[in-house]
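Enquirer: Sharing a structure here in structure tokens format.
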Amino acid sequence: MTMITDSLAVVLQRRDWENPGVTQLNRLAAHPPFASWRNSEEARTDRPSQQLRSLNGEWRFAWFPAPEAVPESWLECDLPEADTVVVPSNWQMHGYDAPIYTNVTYPITVNPPFVPTENPTGCYSLTFNVDESWLQEGQTRIIFDGVNSAFHLWCNGRWVGYGQDSRLPSEFDLSAFLRAGENRLAVMVLRWSDGSYLEDQDMWRMSGIFRDVSLLHKPTTQISDFHVATRFNDDFSRAVLEAEVQMCGELRDYLRVTVSLWQGETQVASGTAPFGGEIIDERGSYADRVTLRLNVENPKLWSAEIPNLYRAVVELHTADGTLIEAEACDVGFREVRIENGLLLLNGKPLLIRGVNRHEHHPLHGQVMDEQTMVQDILLMKQNNFNAVRCSHYPNHPLWYTLCDRYGLYVVDEANIETHGMVPMNRLTDDPRWLPAMSERVTRMVQRDRNHPSVIIWSLGNESGHGANHDALYRWIKSVDPSRPVQYEGGGADTTATDIICPMYARVDEDQPFPAVPKWSIKKWLSLPGETRPLILCEYAHAMGNSLGGFAKYWQAFRQYPRLQGGFVWDWVDQSLIKYDENGNPWSAYGGDFGDTPNDRQFCMNGLVFADRTPHPALTEAKHQQQFFQFRLSGQTIEVTSEYLFRHSDNELLHWMVALDGKPLASGEVPLDVAPQGKQLIELPELPQPESAGQLWLTVRVVQPNATAWSEAGHISAWQQWRLAENLSVTLPSASHIIPQLTTSETDFCIELGNKRWQFNRQSGLLSQMWIGDEKQLLTPLRDQFTRAPLDNDIGVSEATRIDPNAWVERWKAAGHYQAEAALLQCTADTLADAVLITTAHAWQHQGKTLFISRKTYRIDGSGQMAITVDVEVASDTPHPARIGLTCQLAQVAERVNWLGLGPQENYPDRLTAACFDRWDVPLSDMYTPYVFPSENGLRCGTRELNYGSHQWRGDFQFNISRYSQQQLMETSHRHLLHAEEGTWLNIDGFHMGIGGDDSWSPSVSAEFQLSAGRYHYQLVWCQK
């Protein structure tokens, strides 16, 4: 029977979800994850606890447009319209309601603490049985690890409690509500609450019970909290494990706590004590707490490089040794501190190779499973990341355990963001919102502070700087002085942060925004009185085809010790799978669900696609972050290790000298490099090739044995140097055959054997080529000065909000996309050994000349067509995206072969990871399937390209695919692209960089812009 105080009407009348002073009702205090083992050996080995029962699985679910629409009868029994959904899940992924993607703008009308009357509500119910022994003794708790955004809980028709903060557990005592036989849970989840105003993160806005639900049975007298910390002497040869244990229940003199420390099967230390701590003040000590200190000689230290872990088992027992319960956690002996302007781990200055990670899955929304978490960690480790920022909320509890075990440094961030407020600190400077903010910070610390991987606490993200931040900064520093605190809001260098932690500050360029200037990172270090380390909390915005200029950051990080790295934005594209009318899956972004407001494709900023397939930019990050650096002097390779703690023990250095991709000599040397040490490797006398070509020395560091995070043969580092080559002159082969030139009113036609070339005299273009009777071109060869806009080219510009400073808008305004060619010259001459076609075009828009292109085509007796191009750029037109040629080839070949930089896509400001070699890949691999189509697939530094029956030689960049730049520009999603007839070839003499410092302002560095007034390039085109 539902009591009147438990009724739905009473709960609705209170409107707890619109009261910032009510963040919970009856929720239990925060603590580290518990399992309440009743066997200490099971606790030591982390076996499943019989006292912890998962409630994940099928629940009954009914959706309503508002909480007032929920019938009172639902508290007693399932509704006829109820469906079955899997918990954990987001209800939007089951077709209820729509996910909303927005970055800054709140998805609801801003009127804190009030939310819309139309407040989608999900009603979950589950019927379950409880073990009889659980009812007879002890306490049974229910734990919701994550519910978005707020919920009320009933058990057997009786109201239990209320919780909000979607990213931390809400735990309730069910003991008084359970009964023998069947029990029924009813959970009413509201999409919007006053807490939503603190959760304005750049992500999909989804709802539901999206993390695990479990029951935990603890004894009446129980461990209610425990906290472990490690202390060291100066040289880390001796350590102390401090374990503070708190109990609740009936305090008896015979109660004891034993803390034992294990390394595998070996007990390292152990201590036992009764409750009653040290005297705190004139009123005495805590009777329900005790601190034990265990001495450890020569501890094996924890780091991301060598994640040594011990296991601490905390036993609550009687004086005669009878175990009441045990809790346990992994322990990493490590020390984090800031000293002399440097962030130190175990006394060594860290270089943060970090990335921001949202919890996202293309099929499951914000539900994380262990397989996905492990996959993310393995990919991060394999690509030389050593740190992750939990952007922008505490993650699933398992994530931290995995980071402890595999080795990643973690910035644990409170679930606070008020980016859409004006000003941003409207709530964070308001004392009425301090309780809500406080719970989000303090409960995060209380849950996660036992994890060695957590090396920095973060007060949240993009919430301005308010007095509440200062208060919470001081709380953390008082409760946990063992870790620094960072917070970017208010300018990245306020009194609420131990680390200067800007986002998107540039290496050398100041961005003097009012009140919150972003100085260049080099300048920031030298500001008067500034002594803190600088670690970018976000940098290198990896949206679409991006990460240009990444190497510039890493040059600065290695040059300035107090520039200690940063966290790339971000790890994974947040696209979601939808299905078309035929059941085919496609990747969706903001607006594709009818969601308003929305920020389109801005949710896709990842180094990996949503399915965790790497973007090409990930390879650039891997290369720049590699832990081995190389220098070549003569025939000596100097290898420097940037590992702080790890001596190389699983690395071979492979070296190879190749001429135009053909190996001439190679060798292998085991690496034996101490942490932060060097090794000199003497190469033998290198061969001197007799023929012309590019001579390259390539070194690769290979791991011969598999590790916890990589397979055998994993390449962790590499470098290339171009070596000096012998000078040689290649004389053209004499041919007694001269191509035949035929002139008509419309065309110049050149014929040589079974090959023909046709130039249209009215357009001045190479209009067709034949090999025998087969046409080779579907479109003429013409100049190209534009590209399908990248996200970085578009910036924040969109149909309803034009940003005139965006590259794409500047190109459009100047007429680059609309320019048409006016023929200035088209002549043909027969030379002694060749036919020469000379053309000139003025590319014009609205009567204004933007470019003048002059070309010569020299077709000789060998059938080669040498093309020389000279381009003049108008001084008052924006720098073009590219200067090159394009055509649609008739052939569709299976593979592409080239001599140049590869194998992955590379651009002028993102090519340090690419290697010069001869590459051969399927045509499909030349296209990068960015969800939002754009320019893609470029390969730079090309000396030779072979495709079908064609060959091109010179010094150029190219991309080749089934999609034209026009189609890429006009198509909103990759699944809407259609393979066109033939193959589109773009050959560029010059291509602008792609940028990537951020994606909302022009970020291509000056040295990678096409700012010259004249350009010259050449290439040779022949048929095989």
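Count begins at 1; order follows the chain as displayed.
In case you wondered, yes, glycine gets a Cβ from its N, Cα and C as well.
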Enquirer: Considering the Na(+) binding residues Phe602, Asn605 given in Swiss-Prot, which of Asp200, Asp202, Asp997 is annotated for that site as well?
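Expert: Same Na(+) site in Swiss-Prot: Asp202.
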Enquirer: Select one of Glu278, Glu462, Glu935: the residue that Swiss-Prot places in the substrate site alongside Asn103, Asp202, Glu538, Tyr539, Ala540, His541, Asn605, Trp1000.
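Expert: Of Glu278, Glu462, Glu935, Glu462 joins Asn103, Asp202, Glu538, Tyr539, Ala540, His541, Asn605, Trp1000 in the substrate site that Swiss-Prot records.
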Enquirer: Work out how many Å separate His541 (substrate binding site) and Asp202 (Na(+) binding site) at their Cα atoms, rounded off.
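Expert: A Cα-Cα distance of 13 Å.
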Enquirer: What's the number of neighbouring CB atoms sitting within 10 A of the CB on His392 (site 'Transition state stabilizer')?
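Expert: That number is 25.
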Enquirer: Between His358 (site 'Transition state stabilizer') and His392 (site 'Transition state stabilizer'), find the distance joining the two CA atoms and give it rounded to the nearest Å.
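Expert: His392 (site 'Transition state stabilizer') has its Cα 7 Å from the Cα of His358 (site 'Transition state stabilizer').
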Enquirer: May I ask which residues of the same chain, at least 6 positions away in sequence, place their Cβ under 8 angstroms from the Cβ of Asn598 (Mg(2+) 2 binding site)?
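Expert: In sequence order, the residues whose Cβ lies under 8 Å from that of Asn598 (Mg(2+) 2 binding site) (at least 6 apart) are Ile100, Tyr101, Thr102, Gly590, Gly591.
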Enquirer: In the three-state scheme derived from DSSP, which category covers Phe602 (Na(+) binding site)?
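Expert: SS state of Phe602 (Na(+) binding site) = helix.
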Enquirer: In whole Å, how far does the CA atom of Trp1000 (substrate binding site) lie from that of Phe602 (Na(+) binding site)?
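Expert: Cα to Cα, Trp1000 (substrate binding site) and Phe602 (Na(+) binding site) are separated by 10 Å.
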Enquirer: So which recorded positions are near Glu462 (active site, proton donor), with CA atoms within 10 Å, out of Glu417, His419, Glu538, Tyr539, Phe602?
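Expert: Final answer, ordered: Glu417, His419.
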Enquirer: Whose Cβ, among the binding-site residues Asn103, Asn605, has more other Cβ atoms within 10 Å than any of the rest?
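Expert: Within the set of binding-site residues, the most crowded position is Asn605.
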Enquirer: Quick one: of the recorded positions Asn103, His392, Glu417, His419, which has its CA closest to the CA of Glu538 (active site, nucleophile)?
Expert: His392
